[in-house]
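Peer 1: Have a look at the structure that comes next, please.
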There are 2 protein chains.
Amino acid sequence: MTDQSHTPTDAPSPGASHTMSGIENEYYSQEVHGPYETYSLGEFELAEGETLPDCQIAYTTFGELNDAKDNAILFPHMYSGTSKDMELYVGEEMALDPQTYFIILPNQIGGGLSTSPHNTPPPYGQADFPNVRISDDVRAQQQLVTEKFGIDEIELVLGWSMGAQQTYEWAVRYPEMVKRAAPIGGTARNPPQSSLLVDALISAFKLDPNWNDGYYDDHRSMRQGLRQHARTWVLMGTSADLWREEEWRAAGFSSLDDFMHRLWDEWFLPMDPNNLIRMAWKWKHADVSRMTDGNLESALEQIEARVYVLPFEEDMVFTLEDNRLEEEMIPDSELRPIPTPWGHFGMFGFRPEDKEFIDTAIGELLDESVA
Amino acid sequence: MTDQSHTPTDAPSPGASHTMSGIENEYYSQEVHGPYETYSLGEFELAEGETLPDCQIAYTTFGELNDAKDNAILFPHMYSGTSKDMELYVGEEMALDPQTYFIILPNQIGGGLSTSPHNTPPPYGQADFPNVRISDDVRAQQQLVTEKFGIDEIELVLGWSMGAQQTYEWAVRYPEMVKRAAPIGGTARNPPQSSLLVDALISAFKLDPNWNDGYYDDHRSMRQGLRQHARTWVLMGTSADLWREEEWRAAGFSSLDDFMHRLWDEWFLPMDPNNLIRMAWKWKHADVSRMTDGNLESALEQIEARVYVLPFEEDMVFTLEDNRLEEEMIPDSELRPIPTPWGHFGMFGFRPEDKEFIDTAIGELLDESVA
C-alpha cells in the first residue's frame, strides 16, 4: 500500500497522549503504525464485568464510504499486530480496492494502539488491565461502524488468526449485518492445542527474572521473556516444510539466525508483554458458542453470511481439520485451504503466491452476489 | 514387563556412588530406574575432543545371550528417558521376547544413570559437562556389546526419537554389525524445526531466575524452567487430534489440568536441567552425514541392515515427510507410518493399539530372514 492511496477520514489524532499515561513505548505510535484515528467509546463495560473508564478504539480507513453506505469492509487484525499489518492486502490492484470499497481496519483493545495495558493509567494499567474478550472488540467495532459511520450492513468482514476469531464473532453476533465473511487461519472456537500454545506464550513472560508480577519498569527489561515467547510462537506458527526447504531464504534472509533475529525477535521485542498477555487471553478464550450455551453448531447455524473458510494447509495452531469441522456447520460456506509451507504465518505474504491466493479468494467472495 | 522376567546378567551395582559425587537427585537411582548395571569405559574421548575421565554406561538386560551370541537386540532410549522406559516393549508375549532374545537397554551418556552432568565431579560436573554426540553413545555401546559380551552381530537395533538417532548411527557406523534396524519416530539427520524446538527447550531453563549459569544448587529450584520446558515439549510432541478428541481421557486423566500436571510435569520436574540440556544438544546435532562429509545419501547408502522406518503419522518434530525422504535413500527399507493421535509421543503406548502396531512391526521385522 503506498502512502498516496491512504485516505484517512479525519486528521490523525496525536498518539502521544495515550503513550504518556502508561508506560513509555515508542513502538505503539503514529510514527510506527500510523496514521490512525481513535474513536472514544466512553465508559465501556467488558464481558467479564469490569468497565474501562475511557475506552478508545484506534482504526484506520481506506477509500470513501459511498452515499448508500453499502461499500464497507471490516478487517480486524491478528495477535501482536495492528491495523498497519493488514494494509498489505489493501490496494488499487487488489481485491480490497479503496477505489471501490470503504475499508475499515480496527485495532484490538489491548493491541497497543487502542486502549491497552501499557497506555492505561491506574487503576487499570499494566498487570491490572482487565481481561478482554473477542466479543468486547466486536461490540466496540459495531459501535464504531454504526455510530461513527452509520453503516448497518457490511459487504465483507475478514481477518486472520485473532482476526478470524473476530470475523466469526461478527457473523454470529450480528448475522444481519454481515453479508460475507472470510475467516483466514482461525476458528470460531479456539482449538485446545492453540490454548496450550497461549499458556506457553504467557508463561514465557512470567518466567523472566524481570517480570515482577507484570510491573516491570520497561518492556525492554523483558527481552528474555519476549524472545522465549517469539521462539515458541515460531515453532508452532510455521511448518516443517518451511525449515526443511529453507523457504525463508526466498524471503530475503541469509541464514537461519538472520531469519530468527531479524524477523521474529525484531517483530516481538519492541512489544509490551502485558499487551500481548491480554491479547493472548482473548485468543485462548475465543468461542462463539458462548452465545448459544456452548453449542457450537447452533452458533454457527446462525451465520447468514456467505463464508469462505480459508485455513492454511499445514497450520499447526488452527489446523485444516479444525477448520474443516467448523466449516461443515456453517450453512452457506466453502472450504478453501491455502497451500503454503509458511503454515499459520502464511498471511504475512513472504511468498507472493500465498498473498495472491488469499487476494484471489477475497476477490471471488466479493464478486459473489449475496442475497 | 513383570519383575519375574527381568534377568539381570550381574547383580545391580549400587547407584549411590554416582549420585553422591555430583548433585543429589534421588530420581536417578536404582530405586526409580533399576535394577541396572554399569560398565566402565575408563577414559573416554568424546567426538568434540574432551575426555571423560571415568565414563560409566548404565544398562540393563533381559533374556540370556546364547552360545552362538547371535540373539542380541539393542534398544537405546529417547530424550529424558532411561532404559526403564523401554521395558514397556519387552515381554514374553511380545516381539522383544526375553525367552528368545538377549535384549540390551543401554543408557545415554548424560541421561542420568550413565555418566551425566548431575553425577560427575569437577571439573566436568553440572554446567561444565562437555558436549556429547550421538556417535559417542554409539561408540560406547559398541564397546559394551563387543568387549563385555563378545557380540559381533546384532539381530536388531531399534529406538524411539533419540533412540532412533542412535539406531541410524549404529546402522551407518557399524553396517556389518547391524542385521536389522527399526528407527521409530526419529531421523538420521535432525530436521531443522526439531533443532528449533531444542533451542526453545534449552532457553526455557536459561530463563529461570534460579538458573545461575547452570550452577543452580538444586534441580528443584529450577521447577519453573522445567515446567516451561515440559509445556513447550508437549505442544510439539503431540498432535491437534489428541487435544481435540480429548484422547488423553482414555489414558486415565480426568481433565486437561490433570493430564498436564500428573503426566508431563510429573515426568520432567524430577529431572536435572543440565542432564536434559546435554541430551538436547546431542539430539539437535544428530547427523549421520557427519561420517560422509555432509552427504546424507552417501551415509544412508552404507546401511546394510533391513530397515523399517516407523514414523508417527502426525509427528510434528520428526515428521512423516522427513522420514519418507530419508527412507527413500536407505537401500533395503520400508516405510511404516504409525497412525495415532499421540504424535511423537505415540511410543509411550497410552493407546494400546499404538503399542500393538509397533510391537507387530518389530515382530515382522524380526521374522524377516536377512542375509
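Placed from the backbone N, Cα and C atoms, the Cβ positions cover glycine too.
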Peer 1: Please find, within the list A:1-21, A:211-231, the residue stretch that TrEMBL describes as region 'Disordered'.
Peer 2: A:1-21
Peer 1: Report, as a single number, how many Cβ atoms besides its own are within 10 Å of the Cβ of A:D315 (active site).
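Peer 2: Cβ-Cβ neighbours of A:D315 (active site) within 10 Å number 29.
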Peer 1: Measure from the CA atom of A:D315 (active site) to the CA atom of A:H344 (active site) and give the result in Å, rounded to a whole number.
Peer 2: 5
Peer 1: Tell me the Cβ neighbour count for A:S161 (active site, nucleophile), meaning other Cβ atoms within 10 Å of its Cβ, over all protein chains shown.
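Peer 2: Around the Cβ of A:S161 (active site, nucleophile), 27 other Cβ atoms lie within 10 Å.
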Peer 1: For A:H344 (active site), what is the tally of other C-beta atoms lying within 10 angstroms of its C-beta?
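Peer 2: Total other Cβ atoms inside 10 Å, all chains included: 27.
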Peer 1: According to DSSP, does A:H344 (active site) fall in a helix, a strand, or coil?
Peer 2: helix
Peer 1: Within the domain 'AB hydrolase-1' (A:94-221), what mean pLDDT does the predicted structure show?
Peer 2: 97
Peer 1: Measuring Cα to Cα, how many angstrom lie between A:S161 (active site, nucleophile) and A:D315 (active site)?
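Peer 2: Between the Cα atoms of A:S161 (active site, nucleophile) and A:D315 (active site), the distance comes to 11 Å.
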Peer 1: Let me know the DSSP-derived helix, strand or coil state of A:D315 (active site), please.
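Peer 2: Its secondary structure by DSSP: coil.
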Peer 1: Work out the three-state DSSP category of A:S161 (active site, nucleophile).
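Peer 2: The three-state answer is coil.
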